[in-house]
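Not my notes, these are from TrEMBL:
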type	residues	note
DOMAIN	20-447	domain 'Major facilitator superfamily (MFS) profile'
TRANSMEM	21-42	transmembrane segment
TRANSMEM	57-74	transmembrane segment
TRANSMEM	86-105	transmembrane segment
TRANSMEM	111-132	transmembrane segment
TRANSMEM	144-165	transmembrane segment
TRANSMEM	171-194	transmembrane segment
TRANSMEM	206-225	transmembrane segment
TRANSMEM	231-252	transmembrane segment
TRANSMEM	273-297	transmembrane segment
TRANSMEM	309-330	transmembrane segment
TRANSMEM	337-357	transmembrane segment
TRANSMEM	363-383	transmembrane segment
REGION	452-478	region 'Disordered'
COMPBIAS	461-478	compositional bias 'Basic residues'
Amino acid sequence: MKPTTATAAPARAGRREWTGLAVLALPTLLLALDVSVLYLALPQVSADLGADGNQTLWILDIYSFVLAGFLVTMGTLGDRIGRRRLLLIGAAAFGGASVLAAYSTSAEMLIATRALLGLAGATLMPSTMALIRNMFPDPKQMGTAIGIWFTCFMGGMAIGPLVGGALLERFWWGSAFLLGVPFMALLLVVGPALLPEYRAPGAGRLDLASVGLSLAAILPAIYGLKELARAGWDPAAAGAVVVGLAFGLIFVRRQRSLADPLLDLRLFGYRAFRSALSVYLLTGVVMAGVSLMSTVYLQSVLELSTLRAGLWLLPHNVALAAGFLAAPRLAARFRPVYVMAAGMVVAAAGLALHLLVDPSDGTTPLVAGLVLAHAGISLPMALSANIIMGAAPPEKAGSAASLMETSAEFGIAMGVATLGTVGTVMYRGSFEAPAAIPAQAAEAARESITAAGGAAAGLPRPRRPSCCTRRRRRSPPA
């Protein structure tokens, strides 16, 4: 796979391609909405279906597990059978699974349908990005299209709490899942007319053994990282990560031995691809960790409702969107590496502002730091995605997109695990319970800020303000 020397300027996209980009924005917007709305609906879901704590966690987590596990397979499958075809199959599956989820009659049924949604979601994300790579061969136009793609995703995350809150105030929890059905129906109607079909020439059949090995590598690793973030150090969770790494090595060895591998490792032979993929992973780590700590701070320290916390997170989503759109223009004037470095410096300054956060100051310092941090991190995130897709040959766009999305999933898991653990250690080290608090409640409150809120809620009313006040004053900065 040797890069070829261009003999002519890349063709520029026209009106049809830009209209097609609007169609590709539909699944992107929906996937973001689906994630954010579910968090609001979860209390109603748990109460109505009688889900216990373990089932509630699986309702949340099974989607991301299956999504991460099948990204590599689905990205390569799109290269082989056609990216538009896979996108439309995934849209139909996502719509059908959404209806089943909305009318689930048990927690087990909802977990199963959420797994189906994850499988369908794994077809949508790499297909949309791969189609963008093929529809916009001009590097500048592709950068703009990728920026719009990111903006739509973050827009869905931003309006999710607002849309979800409005739905759940008027309808039952199943309406949160039905929200995506019209989006997918529209995609199925207009997609065949507006989206071109692309597939890699001469692609062979899928190697099912490689599919199994990729699942055996990714699923235990993601599960272990999530458990380490949730419960702290646990030998079983660490062992799951090790098992995933071991199967990952076996997977790599098999890919090297196949003439037509599931994942073409020659992609990593491009230095730009390797470097950009590492940067993209790092941005996922930072964004996930910061989002976790800021959400916990708003809800557990400042005691804001889920909806109010979501509203205070809107400004940084706007900053992200602005950065995604500005990144390709800045890269056209300055070297992309300089723009990415400048973005990281701005992000670091925003994170440094969080050292000044104090509960008595309300939300202003936290929100200001979040806006600055996300405005900065959006630049390397958008440009690294552009470099990843631009460095890969067009026939490998699906594989490149799946690797990019898989790195994002690992970045999110690593960010939550790493910064979540650091935050917990800092909290426990600085925690001091008032002398009047019963020993059992104090021990429970020592576990985490969220546990402290639960412990405070169970105390007699005269004691509760003292606990909350002391807990807030001694909480480490987010």
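Any Cβ shown, glycine's included, is placed from N, Cα and C.
Automatic, uncurated: that is what TrEMBL annotation is.
Help me see these features in their spatial surroundings.
Long-range contacts of the transmembrane segment (206-225) within its own chain (CB-CB distance under 8 A, at least 6 residues past either end) are made by residues 64-65, 68-70, 72-73, 76-77, 80, 237-245, 247-248, 250-251, 254-255, 258, 260-263, 406, 409-410, 413-414, 416-417.
Tertiary proximity for the transmembrane segment (337-357) is limited to same-chain residues at least six positions away from its ends with a CB under 8 Å from its CB atoms, namely 279, 286, 290, 293, 297, 323, 327, 330-331, 365-366, 368-380, 383-384, 477-478.
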Pop the mean pLDDT for the domain 'Major facilitator superfamily (MFS) profile' (20-447) in here, whole number is fine.
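Overall, the domain 'Major facilitator superfamily (MFS) profile' (20-447) comes to a mean pLDDT of 82.
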